[in-house]
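For reference, TrEMBL has these:
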type     : residues : note
ACT_SITE : Asp131   : active site, charge relay system
ACT_SITE : His205   : active site, charge relay system
ACT_SITE : Ser565   : active site, charge relay system
DOMAIN   : 4-94     : domain 'Inhibitor I9'
DOMAIN   : 122-601  : domain 'Peptidase S8/S53'
DOMAIN   : 682-776  : domain 'Subtilisin-like protease fibronectin type-III'
Amino acid sequence: MYQVYMVVMEDDPVVSYKASRKGVMRGEEAQKYKEMATTKHDVFLESFLTVGSYKKLYSYTHLLNGFAVHANSEKAAKILSGAKGVRLVQEDIKMAKMTTYTPKYIGASGVWPLLGGAENSGDGIVIGMIDTGIDPKNPSFASFSNQSKQPPPNFKGMCRSGDRFPPDSCNGKIVGARWFARAGQATGEFNATIHYASPYDPDGHGSHTASTAAGNFHTPAISRGYNFGYASGMAPGARLAVYKAAYPFGGYMSDVIAAVDQAVEDGVDVISLSMAPSSVSPGPAAFLNLLETQLLLATKAGVSVVQAVGNGGPDASSVVSFSPWITSVAASTTDRKYNKTIVAGNGQIFSCGGLSPPTPGDTMYPLALADDVSTDNSTDGSNGCQDPKVFIRSLVQGKVIVCMIVSSNYYQGDNFAGIIDTIQKMGAAGVVIIDRYSGDVDYEYQPIFPTAVPSAMVVDGVDMMNLMEYYENNTARDGDGTVITFGATVRILEGRRASYSGERPEVADYSSRGPNIENSQMQLADVLKPNVMAPGHHIWGAWSPTSDALPEVQGESYAILSGTSMSTPHVAGVVALIKQRHPKWSPAMIMSAIMTTADVTDRSGRPLMARRDVGAVVAATPFDMGAGAINAARALDPGLVFDATYREYLQFLCAVPGVDEAAVRRAVGASCPSSRARWCSDLNAPSVTVASLVGSRRVDRKVWSVGAENETYMAYVRAPDGVAVRVSPDEFTVAPGETAALRIVLNTTAPGNAFSFGEVVLRGDKKHSVRIPLAVYPAAVLSGP
């Protein structure tokens, strides 16, 4: 059986070769080294494997020195593992996608004036989108007046034209585009006819995420002929470099690693990754899988990495983005609502869901249950309103038809697009959708789609019963049950105009939760995940009209989607704004600025909430929302930041329980530093997580002042239950560009059987507020001698 393996060699990649003596190679020297490394990979494979038994898919040369190979037996992996010069062999694994108004909601539009206006916000910054590609014809990616054809000077990428991606696709907004599918081709899943051998987006997902991060300012979001408002990316002036490595069937880590390697070589400033492994990699630590360590090397090269935390919520420890050098993003709701109403002939008003126009005029239209206007010989009455052939056209025309679905099958069995298509073909005035078992429909957490046909979904089980009672009481039938007179009437009101309630964001129920894990044995880690939360629920964005991923929006250029895939590019766009404002800040400093300024309460001081199963809402913890809801305006001026170097990340890896120096060396090609960290919690992170506090632990932190003037900070503590917290010094003054050392001492006072949460807040006298979340499991009290 053929399998893809990723092999990392002992030899240096471009970024490491000669780096200790003269900096990173560039230009012609780097190109020659790449060619030499690629030739060595070919010679190496020819030396150990039989010709015809393998195919090399990629040579990795920039961040890693290695290759991906498609081999016809597991024996090949054993041969390669034992070969001299090989550092690591890892089997390829599947990756999964983590599938307008939001710039204002998170404060991004408030900082655009500081950066020269919306169209200049993010200018000079390139966001690398590793996703399903992009539709270059979408208005969100059109070149505008201040975007020259030339990309920023530090960006050296290129545009690969191809099917539906002509040479002029790189127009100033899009500055680079490539595609990576060799693993998908090797497994036979890639089909050039439907997946396109080019950077073109066959899925829609990549166009949506790209427009959220850096879509053009004030672009009409038109769907089904209606303008739902004007969409803008978080950083409308940023440029996009597109690395297509995911497809409707998912993706493979070997393709994604090739995309990351190319993106960093090209010179992107930010990587947005709305996908993650579909399972935890085997091995001593999740932090050591090949993608995580490659992203560490990207961070070392100065590239900020933003990744979806996953859609496995609300289960605990469902995160799929693990490492402290990655900004892992949770998803929240926003306060934008679409309200739909139907009015019955008896005056009853029913609240519904549905992005659709109203029935024309003030006319009341006859209401008809689908089963009452279909032929008797259909196997399932109206057949779920999926098949026009079962309906009696003369009975359907001009009426509002009631279609019953099983709401739990909303995604699968009952195809909403099929219902709308049937109703439209039969000439009905509209459609009302109800649950077949008169249960509540959690419409807020169902996908929603614009329709051209007046439509409404009744969401409350009691309303469904009342509507059907009204219908039956006003419907005359003969002795066989056939309807003689349809006496019930309804109107469907407008449902496409959004309202903004001012409600606080809630963590979406599907957003993956902490605590973070160290390995596939689910041992808990001293690393906070997620890091931050951003809007991810019912987000408008660009879409590919050729996509058949969602039949409900096929042929449209904009769609409304939900997932941590949608929240991730919000944060990537904010990272671009911060990089533009503070070009010398490291990725760790940018993550710190985002985390320490995040909101944990709404404007009235109420705590943010998280949705659990069956609609339950509880107070959100750092394992739901990370440090809180992103606040772009405050993140540009955080006052203090925490930084972490590559050496400190190595110290962190070397402190992971069960990880020895040999494992670290295999993963990253570097040895443990001579000065060791005792605990993973010693990493200079803008949070403190201790998965097992036995007695006492000292946590040291260092902060840098990025304020404009001297500022005096005072430490305020809200201790987790069962833990005493002491901060020293509890007051300090720091000058611009200077550092201050903090010591946080944690002591178990009451052992428990769960994590508890608190915070340290450093409040400055120049209005800065730096919040450090605490997540501690008080495991035991150490007894005295």
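Quick reminder: no glycine exception, Cβ is built from N, Cα and C everywhere.
TrEMBL entries are annotated by machine, without manual review.
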## Note on the structure
Across every protein chain in view, the count of C-beta atoms other than its own within 10 A of the C-beta of His205 (active site, charge relay system) is 30
### Task
Can you check which residues sit near Asp131 (active site, charge relay system), meaning Cβ under 8 Å from its Cβ, same chain, 6 or more apart in sequence, and list them in order?
Lys97, Asp201, His205, Gly206, Thr209, Ala210, Val242, Tyr243, Lys244, Ala245, Ala246, Ser272, Leu273, Ser274, Met275
### C-beta crowding around Ser565 (active site, charge relay system), within 10 angstroms
31
### DSSP-assigned states of the domain 'Subtilisin-like protease fibronectin type-III' (682-776) in counts, ordered helix, strand, coil
1 helix, 62 strand, 32 coil
